[in-house]
Amino acid sequence: MGSRLLAGCCDGSHQVLPTWKCRRLKMKSLFLTFMLLGLVAVLTAQEAPSDDQEDFSGTWYTKALVSDKDRPEGKGPKQVFPLRVTALEGGDLELMITFLKKNQCHEKKIVMHKTDEPGKYSIFKGKNTFYIQELPVRDHYVFYCEHHQQHGKSHRKGKLVGRDPEENPEAMEEFKKFVQSKGLKEENIFVPEQRGHPDTRQAMPGKDRIAPAAVAVDR
């Protein structure tokens, strides 16, 4: 008598299983495969930082300042502290600014809300527009802000920032090009004195200590 082709499949012991058991095993295998793929996708999404977090989070040093207003002699920030940027959920950014007031350091938090345009953020409930523009020089950007005033007028200012406090002539040249592209005066560019990192209290004179409470803005 000729041999018959048995319907079914084999288990780990090489025994032929009925067709209905074979189908059940295949369904379980497919279900586990889909579950595993879904878990991998979720973990990958959680581990991968957003573009804002990867590019902008961390400490930034202000290397030059510019404004659309002429800087009166003796006025304006002669000394600057490093800026700290923290990535928030949804692509928003938190900017921590340290400044001197009456010989005492103060901290202010500014939340920058992401817009549909890359590198463009809204702050102070839309009263200000903040731009982050990458320069051709590595680890150097321009932080550019437009303060919208009444009657359609605006006040504009920008900062050349880098990941380190060292001078970079090439980055300064690119900053000058940016200033010209915005119709600002090159003579209004000012190079401030770098102060210690705001997290390093010992780096500051005794009278320049940070105020105990930070000021939260535009939450």
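Yeah, the Cβs are placed from backbone N, Cα and C, and that goes for glycine too.
In TrEMBL, annotation is done automatically, which means it is predicted and not curated.
The range from 116-141, 168-193, 194-219 that TrEMBL describes as region 'Disordered' is residues 194-219. In terms of DSSP helix, strand and coil, the domain 'Lipocalin/cytosolic fatty-acid binding' (57-195) has 22 helix, 69 strand, 48 coil.
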